[in-house]
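**Q** Okay, handing you the structure first.
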């Protein structure tokens, strides 16, 4: 099940990434969301490949995994997961800006260049690299002797408990990030729903006078983004609840871990399939 999900996700994200790379190389005019979708596809490919290593190690001990291997794998996975949250938020905000009318205060942001997008990506990478650095501190290769203080992540890798002050600092940073980005995602999604409802009313009026009420490409793209936002929210909050339970229990529950892996991969697998289905 995990292998199938990861395989589909990697293939779909690779197709999506290549499509947007070719679009970038062959077309002068890009949609505002094109670089962000390509960036999100790259993040999901890396996240799924990293998860595949963790999945293999969860069911068979890898002798060659040491402290450095464990730190790199867990840190990279956590970094990609956090970047997925932030980039999804950025995608939602950009689509809201694209859909906004000319009279809106958001219209001034419509002329964003590729360089400005790259600056946004750089900020997200640096910001999340700092927040995820906790895993460089607490991740260790599982020792041969058992320890009650360790929380096993995979067969080869475990987490040492960290001091309360460090734990509180990282928890505060993660909470701040999630509140800001999830809040922006909710606000931009709500704004797009409002605009779509307004368009629906106008379409009914146009239909009554025998004009075509067909939705524009921007509106169809917005409906796709809203579908992704809804699915993302469901996966995110479900994953957060399970992660919180595991963190409070401070032990490795195979059932919780398996469900968490499915949820973590779910959005990264479904997202490119939905986006590919709407590309023309």
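Placed from the backbone N, Cα and C atoms, the Cβ positions cover glycine too.
Straight from TrEMBL, here's the annotation block:
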type	residues	note
DOMAIN	12-275	domain 'G-protein coupled receptors family 1 profile'
TRANSMEM	6-25	transmembrane segment
TRANSMEM	37-56	transmembrane segment
TRANSMEM	118-137	transmembrane segment
TRANSMEM	179-197	transmembrane segment
TRANSMEM	224-245	transmembrane segment
TRANSMEM	257-276	transmembrane segment
**Q** The transmembrane segment (179-197) vs the transmembrane segment (118-137): three or more C-beta pairs under 8 Å (separation of 6 or more)?
**A** no
**Q** With Cβ-Cβ distances below 8 Å as the criterion, list the same-chain residues six or more beyond the ends of the transmembrane segment (257-276) that contact it, or say none.
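**A** For the transmembrane segment (257-276), the far contacts come to 1-2, 5-6, 8-9, 12-13, 15-16, 19, 37, 40-41, 44, 47-48, 51, 54-55, 58, 81, 84, 88, 224, 227-228, 231-232, 235-236, 238-239, 242-243, 246.
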